[in-house]
């Protein structure tokens, strides 16, 4: 059970992996999730590592899968997520997966391209249909107007008829000139500016007719509905025609050919309707085919994504390994818990067996590792949420005491002290029980809502907070802001019922007071707060807040002291005498001098001071509740070293009444001396806590530097006996210099030996 108290013991090991078994071994270690790989190629660029091509292939497959997922979500097709954890595919399966994803992407892009083209043609034909229909209405209206004018001209002459005939003759003269028109469609927002520019650019020599399309059209590019207007522009001359078309292009108005005769317009309209019906059929078939492809892909896209991510992670880990000089094996360095050595060994064996390798993978634990080791805290579904709370504030160093087990009690209890309501606590507890009892069903539902995931992840925290809130609510005697008289109140009503009735009629705002001398009988309430306090409108909050505040101070300071005691166990575990002398002892003295002293005063005030008074406390006569010590102001006076009277009465005589502001006086003998000593200790500990440890560490560092500078030069006669008298740090530096010097002198010695051998051979051949 040591892993609950401290982080697990971690060791560093080297793993020798055969090339053909490396992929499967890393996959097995990844499924186990108990090792942390070190990057042995940190100085190598990511683009120059061995498996960079495989990682790029995985990136390309991820891109294709993200494209498929985006298209599936666009069609609001539910993606199947069974929650299964598939095994990592073999390297030979990558080609099949790439081919499958390439085929799906190509097919989907081709279908989307065809669908977009069909939608564009459908939109153009729909616009042309509206143009032909509205244009026909324009010409029919003009024909009816001309017939009405002819009927007016046929009547007998009056001045008005003569003027109408004259206008008709002028119209006939102008009608003999060739009149052309351009028809098209423009968005409703651009119509006012289009009309204004057309009038100014053509100097009023054009005639514009317009009609709004009642139904909204769909933009083939974005798919959003747009409102458009049909327009027809009449003009004369070639120059005006080119000018009108340029203005239409500038406003992105769609211009369509429109026949001049009604018969041609009817025939063209019939052809357009036929083509629209054909396009609807083809477009529906295209959309059905696209939907079938996406539905089939939605069943496997999450599993495919998991497999690709596993493949990518495996090759990413393999890039962190060193390649042996023989190019036949990879060397990896991993951190892992010592207790999991056998499981890791079995995982490596399974990976080697799956790959068919005849050479097993070797796990070699490295000894005497001086590097800082990572922290690993084993968790389960109950402790995980509490561990996350602790890690949010900071992760403990290697082999330090893990605060999470103590947080399981302190965190919900401190919340309950603040919350303190049986009714609301019961609701929280029931909600936590529901999440715990249905955790398997809720996990299988795969709910992605962030707020729900927060509640579900902290289900055990919610359950414990509810349980502790019920307890503190019982202590506070509070349930939905109501109290329960379970054991009978010790307070009684001293007023006659008739007087109360009369007072409620005559003076309804009159406040009633219960004097403990006449209204309090019996002992304290057995558990918690007496329910009579719920009826007190004047001093209810003063009493309850004072009680809760004092209880919170005691519990909070107790937790602080407990944390400092845990740090002492850490210092003793690591044999850090410096931290014990200059961190733990000053911190404990500082806490005890101020805060623990305050807690003791709170407890003594609860035990020794009551309402009635009339007795002696520490040799001082205590007259009553008005003279009970004010601890907060007393703590301030302690820091100000303010002189105050001693006791509560003048010369121990309370017959003439208590001293004014007796609650601020010294209430036990020698209080001024004790508080002065405690204050001096607390102030003295502050610079020790802040500066002692850094100063000593810096002094040690400077001494080490001076010792290195005073080290004599290395010569050939220096042996291990010389090094043995030095300190550990100096020994490392000295051995480094010896090694460097020996490496420099080694080629010279080899050259001298070669010359001696060559001279000996020459002496043999040429005596």
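The backbone N, Cα and C atoms fix where each Cβ goes, and this holds for glycine too.
Per TrEMBL, coiled coil is recorded for 51-128.
Taken from TrEMBL, the feature transmembrane segment applies to 413-436 (among others). With a cut-off of 8 Å between Cβ atoms, the residues of this chain six or more beyond the transmembrane segment (413-436) that come close are 442, 455-456, 459-476, 478-481, 548, 551-552, 555-556, 559.
Annotation comment: TrEMBL describes 457-476 (among others) as transmembrane segment. Counting residues 6+ beyond its ends, the transmembrane segment (457-476) has Cβ neighbours under 8 Å at 381-382, 384-386, 388-389, 408, 411-413, 415-417, 419-433, 435-436, 439, 527-529, 544, 548 in the same chain.
Within its own chain, the transmembrane segment (549-568) has Cβ neighbours under 8 Å at 401, 403, 406, 410, 413-414, 417-418, 579-580, 583-584, 587-588, 591, 595-596, 598-599, 602-603, 606, counting only residues six or more beyond its boundaries. TrEMBL lists 549-568 (among others) with the feature transmembrane segment.
The transmembrane segment feature in TrEMBL is assigned to 580-604 (among others). Proximity of distant same-chain residues to the transmembrane segment (580-604), defined by a Cβ-Cβ separation under 8 Å and at least 6 residues beyond the stretch ends, is recorded for 550, 553-554, 557-558, 560-561, 564, 567-568, 571-572, 629, 631, 634-635, 678-679, 681-682, 685-686, 688-689, 692-693, 696.
If you look up TrEMBL, you'll see 676-696 (among others) marked as transmembrane segment.
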Sequence-remote partners of the transmembrane segment (676-696) [C-beta within less than 8 Å, at least six residues beyond its ends]: 578-579, 582-583, 586-587, 589-590, 593-594, 597, 638-639, 641
